[in-house]
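K.L.:
I'd like to ask you about the structure that follows.
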Amino acid sequence: MLKRRSCKRNADWDWRPGVHKSTVGIVVLSVAVALTATGCSGKEAGGKPPIKIGIIGPMSGPLAVLGISQQNSIQVEIDRLNAAGGIDGAQLQLVTRDSGLDPGKAVQAATELAGDQQIKLVVGPSLTAFYNAAKGVFEQNKKINCQPGVASGSFAELGYGFRSQDATELDVAKALGYLKSKGAKNVGLIYEGDDTGKSVDAILAKEAAGAGLTYLGFQSTRPDDQSHSAYMDAFKDAEAIFYSSNVGGAKTLAAAGAAGYKGILIGAGSGAQNISFIEGAGDAARGIVFPAPNYQYPTRDREQWRPGYRKHIEAVEQKYGVNTGPKTGATSPKGTALAADCVFAYAEAVKAAGGTDPDKVAAAMEKLDLAADTTPSGNAIKPGQAHEFYGEQDIRLYQWDKDDKGWFTRELPN
Amino acid sequence: MTLQAWIDGVFTGSIYALVALSLAIVYQPTRVMNFAQGEALILGAVVGYQVISLGKLGWVVAILATLALATLMGVLSERMIMLPVRLSGSRFAWIVATLAAALIFQSIFTLGYRDVDALRPAPMAEGGFTLAGEQVSWQIVLTVAIALAVMAGYDLLLRRSTYGRAIRAASHNPGTAVLMGIPVQRIIVLSFVVATVLSALAGLLAAPVLFIGPAAGLIFTIKGFTAAVIGGVGSPRGALAGGLIVGVLDSVVRTEINATAGNLVVFGLLALILLVYPSGLFGKPMEAH
Amino acid sequence: MSLLEITALSAGYGGVQALFGVELTVGEGEFVALLGPNGAGKSTTLRVLSGLIKPSAGRVLLGGEDITTKPGWRRTGLGLGHVPEGRQVFPDHTVLENLQLGAFVHRRSRTRRQELLDEVLALFPRLDERREQLAGTLSGGEAQMLAVGRALMSAPRLLVLDEPSLGLAPLKVAELFGYIKRLHTERGLSVLLVEQQAATALNLADRAYVLERGRVAISGTSDAVRKDPRVQAVYLGGEISPATG
């Protein structure tokens with residue numbers, strides 16, 4: 001089943017809930033995948049064996065949207081490169097491994113893909129805990145690894161690992177700048193009591209004063225909280241509140257709405273771009289602000305989208321369609337452009353290095369300087385010694401709002 | 001100590017109390033602690049989400065659909081749980097049977113709503129009022145009122161009506177109850193149905209306020225179980241008291257100290273109460289069975 | 001036609017047969033005793049009668065109606081009143097509630113229930129005195145009276161008593177059997193009494209059956225049974241050392 005997913009081409013992943021629809025959908029999908037599995041194995045062109053790219057992520061379970069979106073975007077980027085003749089004279093081929101919600105599976109998949117000489121690049125595994133468990137394997141095996149789903153921790157000391165996501169530090173710094181510009185005097189944090197929550201807490205404790213803000217402290221939440229009004233209550237007089245990038249963030253927003261909170265609600269990460277926030281919080285999400293790397297999708301005016309981004313997203317839309325929140329009608333593409341950046345940057349690095357030798361490619365990756373207009377994500381890619389694809393200038397501020405045509409975001413001026 | 005924490009605690013507490021009462025209703029005639037009870041609550045939330053949020057069919061349809069589906073789920077649960085319990089000689093068959101039922105229902109809900117973080121329909125009663133500077137939504141008031149009414153009604157039924165006496169008799173000694181002409185097997189099925197309907201209604205009422213995910217059933221079972229044990233299994237008054245204690249204590253401690261302390265204090269109290277009152281605050285000593 | 005007709009009854013537990021073709025009848029207004037040592041099949045016969053176990057062969061007719069496959073709780077409505085072994089009153093219910101539970105089959109008629117309650121309380125004034133008391137606090141004799149009264153609350157056609165003397169002081173036993181005798185003679189109630197105290201039972205009953213190893217060993221009028229040398233040897237002489245297993 002897992003192997004078959006790797007060559008799935010047209011499975012139209014309909015994530016919308018609905019008992020009948022999804023159950024039937026899963027059955028149809030499984031059958032379709034099983035049927036197409038036999039006919040899509042070794043597509044080898046031009047004499048050279050294919051370059052395989054692995055992705056490890058949650059393809060099943062509650063976080064499947066994350067893994068499937070990454071897989072979709074990578075597939076679209078691979079298709080684009082293959083149509084242009086591949087890289088280094090070889091065609092690209094995607095290999096998918098499902099980590100589900102089991103870090104053990106992620107490590108197992110990482111070990112398998114890292115040991116496979118045909119695999120040249122591994123994307124994922126997503127989620128910080130999963131990644132931390134697996135990253136040593138990539139270093140030992142000199143496997144280029146790209147991370148579109150890990151916000152905390154540092155990549156600077158890694159030889160072969162790169163991050164194609166906004167680091168928490170960048171997001172929080174951007175958000176603090178915004179609060180300063182709004183003249184807020186103080187700010188509190190409501191976040192899960194996990195590693196990310198603790199790291200945001202540490203950053204705020206250190207940086208808030210620099211932005212002229214009093215840090216009111218950290219209300220750490222529990223996964224079994226069904227409501228955040230108790231935490232909200234602690235900050236009812238705060239001028240601004242940082243909310244979580246995870247499902248807890250939506251609970252905070254809902255509690256803020258119920259309490260009639262009037263201050264600024266700002267994301268401690270880019271999670272609020274996810275339409276599940278809008279689905280969970282409903283109208284309470286109007287006016288919330290979040291920092292994120294380029295995410296122009298809900299801004300509506302496609303003419304303004306960066307060319308590479310628009311091309312990528314429209315290809316994703318064409319191939320996989322759009323997620324629509326069943327309750328609110330908010331939409332998102334069924335792809336994660338940041339994951340496509342991994343493949344895009346890797347292809348550029350191979351070109352620069354003149355081959356797929358991991359040491360040369362890693363060195364070439366560090367030296368990349370790709371303009372925002374060309375990349376699938378619409379962000380400039382300049383990894384440098386820090387191994388961070390994106391820098392401060394790539395983080396933008398967006399604000400959710402709703403009108404008679406539905407939910408949209410506007411980009412706030414810097 | 002803030003008023004908001006108390007309002008929150010009373011609200012979630014009355015939801016836990018309804019789950020605790022449902023657990024007690026099934027426990028009385030069967031001696032089975034139904035770990036699948038929380039799934040009935042999810043059913044209510046699912047119906048609310050499907051009918052009100054997606055179908056835009058309104059609350060009347062949602063309530064009717066909840067009653068119908070919960071009745072079905074209750075009958076099904078009785079078969080899924082009591083059949084293996086009767087067929088198996090093991091004293092622990094109920095643990096396996098109820099957990100299996102819980103996981104089966106949970107799988108159905110997560111398959112159907114796998115990307116929904118919160119089954120949150122619009123509230124039945126929009127808006128709210130201000131009490132001493134705190135916002136209180138009508139939905140909260142409505143939910144607490146319904147929970148109290150259900151609890152009082154069930155207490156009355158149990159103490160005053162012929163059926164209530166029959167249920168208590170069947171609970172104490174099913175063999176002798178049958179000799180009195182009491183249809184014990186029917187009472188057992190009815191208990192599953194009533195318990196499922198009550199929990200599902202709790203879910204339907206709570207869904208607009210709380211974040212209820214499709215996989216959250218076991219959390220509610222645990223909270224309801226804690227409430228039932230603190231209050232004394234089998235007594236509606238105990239369920240109410242236990243539910244409110246769990247809800248308010250967690251909420252207040254969470255606000256005053258922090259989130260981890262909330263759970264710690266609640267489970268610490270559970271341990272303490274079990275030491276001092278082994279059969280709960282309102283419970284009678286359980287005889288061996 | 002007899003009120004109760006048990007024909008060719010065989011039954012057992014998990015492959016171990018306990019009854020072998022038992023035949024037993026109780027006529028309208030008759031007082032019948034069922035005797036025998038422990039393990040002879042008395043309890044099994046009563047379990048089949050109350051529907052707790054299903055027989056492997058044979059039939060049970062009550063008032064001419066075949067009740068062999070009827071669920072236990074339905075038989076009470078058809079006229080079977082049970083006084084179970086060990087009394088089994090509901091200890092957390094009051095005396096009054098216990099009696100009302102006995103009238104569960106008359107739950108739709110408040111007046112009928114009241115009539116029955118008045119009758120039973122008139123019969124057992126001690127229960128009337130203790131009506132609000134929890135049944136768990138009654139003495140053994142009072143609890144046995146409550147168990148009988150509770151069975152009478154269903155207005156049975158046949159009263160089945162399972163070892164009512166068990167655990168009672170001799171004086172209490174005499175008092176209890178006095179009540180049962182009165183019910184039989186004054187009100188014409190049919191009675192099936194299962195007892196180990198054979199002499200007492202034979203004094204009360206019109207007819208008697210003696211079960212041994214799952215079979216009816218002796219049956220006939222009380223006088224005939226009392227005079228049977230086997231009964232003389234084993235039960236009556238043996239009141240001091242009954243041949244029980």
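Placed from the backbone N, Cα and C atoms, the Cβ positions cover glycine too.
Small disclaimer: the values here were computed from a predicted structure and weren't measured.
Under the heading transmembrane segment, TrEMBL lists B:6-27, B:34-52, B:58-76, B:92-113, B:136-158, B:187-213, B:225-249, B:261-280.
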K.L.:
Taking the transmembrane segment (B:225-249) as the first stretch and the transmembrane segment (B:92-113) as the second, find out whether 3 or more Cβ pairs fall under 8 Å, excluding pairs closer than 6 in sequence.
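P.N.:
Counting Cβ pairs under 8 Å (6 or more apart in sequence), the transmembrane segment (B:225-249) does not reach the transmembrane segment (B:92-113), since there are fewer than 3.
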K.L.:
Of the listed stretches (B:6-27, B:92-113, B:136-158, B:187-213, B:261-280), which one yields the highest count of Cβ-Cβ distances below 8 Å with the transmembrane segment (B:34-52)?
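P.N.:
Counting Cβ pairs under 8 Å, the winner is B:187-213.
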K.L.:
Restricting to the same chain and to residues at least six past its boundaries, which positions have a Cβ under 8 Å from a Cβ of the transmembrane segment (B:6-27)?
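P.N.:
Counting only partners 6 or more residues beyond its ends, the transmembrane segment (B:6-27) has Cβ contacts under 8 Å with 33-34, 37-38, 40-41, 131, 134, 136, 140, 143-144, 147-148, 150-151, 154, 191-192, 194-196, 198-199, 201-202, 205-206, 209-210, 220-221, 223-228, 231, 233-236, 238-240, 242-252.
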K.L.:
So which residues does the transmembrane segment (B:92-113) touch in its own chain, when a touch means Cβ under 8 Å and the partner is 6 or more beyond its ends?
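P.N.:
Answer is 30-36, 38-39, 42-43, 46, 49, 73, 77, 80-82, 84-85, 119, 214-215, 217-218, 221.
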